[in-house]
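Annotated in TrEMBL:
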TRANSMEM  14-30  transmembrane segment
TRANSMEM  36-54  transmembrane segment
TRANSMEM  59-76  transmembrane segment
TRANSMEM  88-109  transmembrane segment
DOMAIN    150-280  domain 'GGDEF'
């Protein structure tokens, strides 16, 4: 149930904003129907909170103003008699301030959660997606793969000679090599594709809308970027890659990575520093 609500609110902006307006009007009607003796101010925070969490600042401000005006209208229409002329306007201002403070606090909480989520989904060394993020990205791509008539490719990349770097020059130098290679991957990979570090010196990519020719072009582009970087001359490392092509991605990520792994090991067995490509 909560998942369906989440999907509804995070979906189309028109639907979400219609819900915000409708709920504000409903709360105003309930507030009016129950009279001024019962306070419903806190419930106006529901549409305001939805605006903060799922929409932008402009919609949030309009939601706060709408909730305040709705409360003021309900208060005026309820027949509430004040001894001071300015009292209802002051009360409206207090509610406006209350809604605004809650919105600001929610905005800060939301920002912190987004930042923490991004940190949890990033490899701390290379800033690439980590294995958890890659799993989620893979599942999302697979769920939407029926919308595309194009194929996909999964590539596993392993650095040749990396262990020697760690053993002879230390892990700090090894980390520098991993960071440098991650930058090469970012440069060679399209923004629409996914690249991640799975751990150690192993990286993985998903190439969208790709056939055998596209996989070969990616391999050549990555090799060119690697050669231009001078990383091999500086550190002595190279890379081997296995790319497996699918019409539709397997349900289990492990099936896809295992197939690409086998091709990567085949590339190593053939002499390393090369790419093996195969259609599933």
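Placement of Cβ uses the backbone N, Cα and C atoms for every residue, glycine included.
Automated prediction, rather than curation, is the source of TrEMBL annotations.
Here the transmembrane segment (36-54) has Cβ contacts under 8 Å with residues 9-10, 16, 19-21, 23-24, 27, 30, 60, 62-64, 66-68, 70-71, 75, 78-80, 95, 98-99, 102-103, 106-107, 110 of the same chain, all six or more residues outside its ends. In terms of DSSP secondary structure, the domain 'GGDEF' (150-280) contains 66 helix, 35 strand, 30 coil.
This prediction places the mean pLDDT of the domain 'GGDEF' (150-280) at 93.
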